Amino acid sequence: MENLQAIVDEIHHTLMPRLGEGKVADYIPQLAHIDPRKFGIAVMGTDGVTASAGDCDEPFSIQSVSKVFTLTLALGKHGENVWKRVGREPSGSAFNSIVQLEHEEGKPRNPFINAGAIAVSDLVLAGHTPREAIGEIVRFVQYLADDDTIAIDPAVARSEAATGYRNIALANFMRGFGKLDHPVDHVLGVYFHHCALAMTCTQLARSGLFLAAAGRNPLTGHTVVSRQRARRINALMLTCGHYDGSGDFAYRVGLPGKSGVGGGILAVAPGKASIAVWSPGLNHSGNSLLGSLALEMLAHRTGWSVFGP
Ligand SMILES: NC(=O)CC[C@H](N)C(=O)O
């Protein structure tokens, strides 16, 4: 493989004329203000080799990418009991869909759609006040990225709480089925705040390194999860990480990944690297349009794929 930085520079250069494509999420008013021409990419190799380009050190709202971290925390607290509350199947529906919840009696399809992540927030809340749970999530992400400057953007959290009608509906629906242990406003307080985490591509790539390196962050030496758990989280990212676009992402990129409506994607090349991209314009499934394309180009140029060399 040629020099990683040269590949990343070429991807940035190739996509430059297309910056601004896609549709910025505006249902969260605070996200509607983001410059659609932003673009960042950071690659952290498990061997310590790094490469980055563009706005890779500018914080953005990671939104649903945070669902990987809350799932990891919930699995640490509750182990396999997590799966009593949330499934492990792709939804085939939009990220904020309510349709399956009624048929499946309030048990969301997977932890990465909104309903599933709300159920996971409920599990993270166990034994805590909402403020404590939010603090635990932030400290966990700081620990993963080895960076204690990572914080929640309170304006984004407020903006989403003020307009999160669908999420409020999802949470009430689940509570109606007896599938949430805590009051809806507490659960949503945790959910909206972790979605409002602001991180740079560099920080995000570092925080995902444990998934690329069999559960252990090679930069800090910290074992975060077991090898088997890292594999399983990667499996869920591959099958469910891009909502109704998960099949297309697996076909085009071939790596586990998790997207957010802020335009970020965290992707994992097991044994090789953790990659974060950011471009705010989204495709019709709510995934970053140019971010997906950048990852497709990177996978093609490096040969990284979970499906074979
Ligand atoms: N896909 C996403 O990133 C969705 C997260 C967003 N906070 C929401 O609940 O709508």
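Keep in mind that glycine also has a Cβ here, set from the backbone N, Cα and C atoms.
TrEMBL lists SER64, ASN114, GLU160, ASN167, TYR191, TYR243 as binding substrate, and of VAL82, VAL225, VAL261 the one it places in that same site is VAL261. Neighbour count (other Cβ atoms within 10 Å of the Cβ, all protein chains): 24 for TYR243 (substrate binding site).
The 6 Å Cβ screen around ligand 1 retains SER64, ASN114, ASN167 from the binding-site residues SER64, ASN114, ASN167, TYR191, TYR243, ordered by sequence position. In sequence order, ALA117, ILE118, SER121, ASN167, ALA171 make up the list of same-chain residues 6 or more apart from TYR191 (substrate binding site) whose Cβ falls under 8 Å from its Cβ.
Under the three-state DSSP scheme, VAL261 (substrate binding site) falls in the coil class.
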